[in-house]
Ligand SMILES: Nc1ncnc2c1ncn2[C@@H]1O[C@H](COP(=O)(O)OP(=O)(O)OP(=O)(O)O)[C@@H](O)[C@H]1O
Ligand SMILES: [Mg+2]
């Protein structure tokens, strides 16, 4: 694998895309290798396809990338005074925070705090009442949803929204199409570009599915996939759009602790591959473990924004979560 | 131990089967499994044979299929016309999930294009009949854009009612605009050139050459639509049908692709209208009843969501049954209306529940699997060496 | 050459006709508009509650029209005006109104139960709802076709129409007053029903947020059925006025175009908005008539209405009054 491992996807260089996905180092997850399709326990096996030891691998990959972009930690996304109102209800109230390049930023808060609304406002699903979202200094206001996606935001949905009548692979290829150039006419006459794109998209799509660990069911209809596969497929489909920022809305909802742990490892690998991640998750323990920084919302307002250690001791956060057992918060998702 | 990608080859092949299972398998399931199991050249061979058989149909006039009381080749033309219409409408309704209830309107526009530019009754400039086919597509495509622009941004319901209105309005315009000659209509509509033994090949009394023309057009259109289906265009359409918001968030410019679907559908409707005008040689305002739009929808729905072969068969059946069984002729709207409602309630996936293949090189997964496996082995070897 | 075509045989504008008939067209348009408005209410209510265009509503309407005309001819009405006392005529008309409203309400309810409920139960995609709706529409239409044939029912005259007074040189007829007056009254009644009663509250709650409404103890299915019944009854009432205005118009496909116009009225005023339906109906009635006089043929009414629909959707898809049923405040 060694020869491929240094190809780190850069946010800024789409042409690296091809190499990224076709390399073997993405095969973090073991469940994909498992013929039975059940998520493995995370212990590397001796088989040729077995993934290398995670930590050393990730560290190795990250190292170089951090040198370029992550170490700088400049602001990838700036959210300023973002407000969303539904009639009389202010779901998001002048929320301001930054997302730094290469980090995993956690977005937490009790049910109904406005986390999903924040995603929706960022990705153009809701029009913010006021406030701005800028990506690398460019304001996104007024852009169409699909344009925002191409500008670099990708997301998953809290309630899974896959294209049910498409196979897993086709779902991912829809995401890849966001970067494709073929016109209707080009497709009609099978232009060379169309053929090129179609060929590479199979390769990339499969690599992505392998990466999230569901390649064994690539040819199955999305709506027939097991729940865990669907959640992972959402991530693969979002990754396929080559985002600068990957927004995950409770990607581990409904998972058991082992599955959650595994998913968090996957998210870490995604970050290590050079993506910036914004993560909504109710399970405090997990969030604390995986995030570099955490933003806490309550009733639409930001009440804290700090590293996990400080969040844990923040009285406002403790108050917000007081009486809300983790299990409750989790189950309600 | 198998690699995941190898399993894919198997599971890809097995996907349609699975789809079948979840959709209550029909007697067509076996046929479909057989078809999907064939290699590409074998499929082409089978298709070729089917095509030859179809071309031979008007000459064979098979005893059970034939239509007593009606000229069989002419009936075949009608079936082909419905099949072509269903093929076009399938793009709009079946694939992009847009309800176009005014398809007869586009069909009518196409017919009038052929009439206005070729009929001796028209005061317009005359052009060769074959040139009206692309012209009809352009004009109807343009009408499609004009109708689609204001409505496709809105919820699907608006498109449905606007197209429904459009279907009726076109007929009305044909009645009240003097230049369109209302009930009098246009006679002597042009036909393709060519003579055999000194007699013209394309006449309004001989359906056979027209059927062959229809069939050729259908084959060409099917191939082109197949190209679109297995591309980002087809994927965008299905994605829009499945979940428009999610598609948009995944970077699909949904409005653009909806407009394309609507326009392409309109153009194919116009094309079939122009062919129809030439075949029957006469166009007036009586031929474009809105209720026919409902028959078109029924044809597509019978075929199953987005399945172009199903849609064509559906179209042919809808056209054929009233000829074959004369006693249902005056009840056809009622019968197919009931069929439509029953299908929607009990079997919304249509009679032939096939799914679309949306990847141009979906079949190459097998080859890929082998290659990726080699790579993996190479990597492992490298690692061991290190 | 193109210019000649456009000028001579495609379109001709009859400006003097239009101007001399302006007020006539206005008052007559208002009468038609009142009928559109009543039918539009059915679309608007169902749309508000189910977010669905009930394509079969036009057939719900025409079923009412059949009921009205059968009732009236059963009561002895014929092509010439009856020789009854005004009180007796009013009594008979009320019976016909009741018959129309009842028939339409029943048909509307049947459509709901047969076609839409099973789809709702299995959470079918929107496209399936729409296709079923249009399928139902054609089924009812062609059931009437098979039963009554392709000819209009023989017309009935309910009373000797007479001029009441003259405004701007244009005569106002009794029928116009009755139709507009009754329609406006009914619309106000429905408006109050939605705003003030328990049923109305339920309808509004379901329109606003079906899930929450269900949680709060509103019986959604009952509300949906009620909505179809109210919409149907109004269409049946509209059918009486329609027969009054267009006695020769009861034919199997007679509801079709009227349905599209009523829907246009609903969209023009703001779909889901009850006052919008009235406003949209009256406006559309006038606009259509202006178009007919200007272009010199009554059939232009339909074309002009359709163009209005497309223009409204292009410019202001939320309609003039915007808003929706859920947002109506008590
Ligand atoms: N489309 C909408 N219309 C009206 N209110 C909305 C809408 N979307 C969200 N809300 C309201 O905004 C508030 C914030 O909702 P949001 O979904 O953002 O919460 P959340 O933090 O994601 O909660 P959860 O943990 O349950 O997912 C809630 O009170 C919700 O009811
Ligand atoms: Mg949420």
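Numbering starts at 1 and runs along the chain as displayed.
Cβ atoms here come from the backbone N, Cα and C positions, even for glycine.
From a predicted model like this one, the values you see are computed outputs, not experimental measurements.
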Inquiry  = Among the residue ranges C:123-144, C:189-210, I'd like the one that TrEMBL describes as transmembrane segment.
reply    = C:123-144
Remark   = With the greatest number of Cβ pairs under 8 Å to the transmembrane segment (C:30-53), the stretch among C:123-144, C:164-188, C:223-244, C:250-269, C:298-315 is C:223-244
Task = Mind pulling out the one from C:123-144, C:164-188, C:223-244, C:250-269, C:298-315 with the most Cβ pairs under 8 angstroms to the transmembrane segment (C:60-78)?
result = C:223-244
Ask   = Which one of these stretches, C:123-144, C:164-188, C:276-292, has the most C-beta pairs shorter than 8 Å to the transmembrane segment (C:250-269)?
value = C:276-292
Key: Non-local residues, at least 6 beyond the ends, that sit with Cβ under 8 Å of the transmembrane segment (C:223-244)   = 34-35, 38-39, 41-43, 45-46, 48-50, 54, 57, 60-65, 67-69, 72, 93, 96-97, 99-109, 111-113, 156, 158, 175, 178-179, 182-183, 186, 190, 193, 199, 202-203, 205-206, 213, 250, 258
